[in-house]
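Annotation comment: TrEMBL describes 3-104 as domain 'Thiamine pyrophosphate enzyme N-terminal TPP-binding'. Per TrEMBL, domain 'Thiamine pyrophosphate enzyme central' is recorded for 191-327. The domain 'Thiamine pyrophosphate enzyme TPP-binding' annotation in TrEMBL covers 382-520.
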Amino acid sequence: MTTVREVSYDVLRAFGATTIVGNPGSNELTFLDRMPEDFTFVLALQEGAVISIADGYAQASNTPVVVTLHAAAGLGTGMGALTNAYANGAPLIIIAGQQFRPMLTLEAMLTNREAVTLPKPLVKWSFEAPSAESVPAVLARAAACALTAPTGPVCVSIPLDDWRREADAATAAYSIGRRISGNPHAARTDLEELARRLQSARNPLLVLGPDVDKYGGWHAAITLAEKLSIEVFLGSGEYSRMPFPTGHPCFRGALGATVEQVRDQLRGYDFIAWIGGALLPYHGWDEGPYLAAGTDLIHLTADPDQAARAPLGLSIVGDPAAALADLVELVAVSTKPLPAPRSDEAAVAHGGRLTEQQVWDILAEVRPEGAQFVWDAPSTMGWWNRVPINEPSSYFAPGAGTVGFGLPAAIGVSLARPYRHTIALLGDGAINYTIAALWTAAQRELDCTFIVLRNGTYQVLEDYGAMLGAQLPDMKLRDLDFVSISRGYGVRADRVDNADALSKALRNAFAEPGPHLIEVSVMALSSGMF
């Protein structure tokens, strides 16, 4: 007898989903029973870490990842991290176990009462298999949905007794043979209009979002910027991927977090091509118009929902990488020289204590070639100006801004690409949400370096509170010992508070195999975000 479980693994294999990340419970054991040898199971100790490991792996490998979580409790615990996976467009196939079918009416212990409703609205599709025989077809649809642009997580609920039922041979063959291909391409006439506006503008600008990197448009973006001799900004709030080399002379940094900041930064540009992300996704509100008088724009995105919610202008729906390649062919070479490179202020010491800028300068000196970065330190915006990101698919961050992403996502990135050293830049607040992921890094002996910036406070909250004029309670982060915690999970760790010690610790971490954590004491200075 061929079981539903056996056919389901065939379906997942056909879609390239052979990595499973999970923290299972009793409802999920029949799925994991006798897992095929060509599948890899990665165990994590907490559900938020499970989601973020899978998120990092899916983005770095460009493949779907299966996630197994324990019924309602496991899925519910992981939903904070699911906000990032949804924003990042990570193609995750989440399988939440359900009770035996005969026990669902009783709502027996571990029954997921509203299995389809629970993960919404943080998934593209949610479904509960109506029968055991339908499970392979349900998984095929889930995989196809996760991989269709705009990509993203899906969730299916499957009762634990379904996996051992007999599969229907004819239906199973259809499911195993399913494929899906293609991304929407922007209309040629719209791209011709965009190219015309870029060339006729007095002072045009490119604003690029994370999907430029995700869809493979990095090199086309460079060619277009150089052909037009045009300045480039990273979109406001669009920090989950880096779409353009930060060391390039055309790069001008990231747009700000508030309406007023962005309006002032864009003042003087008469036309903006905003490509590969959401349009104007602010963090903080200010009164006043979105754009200064005399500024116009066209928006291009792979996501119809982003196009629909854009507050102004023309939005074009299409693959941003393909659109950039077409624009390169449509525009003529500008006679203007390239913009002058941006200059950054020298790092300044404060009473002998390290600043974040000093940390970045030291890291830039000693980082290994080909390093990939994961960022989850909200008070350190713009660090990439001092540690240039000059290769595609080399930087990942929480797309929804939900902290706790960085540590486990770095593990996922390292699992996907173990031949590149992974460096995670973590805040001393953010790391606590998923710190149990250190155990997975140790068990897998991953070449990851976790740099924890110990400023002793939720600096971004203090800065945002100051902008609001709010008087906040004490939220200092006292008496945390990340070195001891890290060692307890099996990861080597050091604590440093000066430049020489940091340089030595980083060099050792990069030279020695396996994971390392470095706790760096730094000054608590304003993030400058608001």
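Note that Cβ sites are derived from N, Cα and C of the backbone, with glycine treated the same way.
TrEMBL does not curate its annotations; it predicts them automatically.
Mean pLDDT of the predicted structure over the domain 'Thiamine pyrophosphate enzyme central' (191-327): 95.
Mapped onto DSSP classes, the domain 'Thiamine pyrophosphate enzyme central' (191-327) shows 47 helix, 31 strand, 59 coil. Taken through DSSP, the domain 'Thiamine pyrophosphate enzyme N-terminal TPP-binding' (3-104) splits into 54 helix, 22 strand, 26 coil. Across the range of the domain 'Thiamine pyrophosphate enzyme TPP-binding' (382-520), the DSSP-based residue counts are 59 helix, 27 strand, 53 coil.
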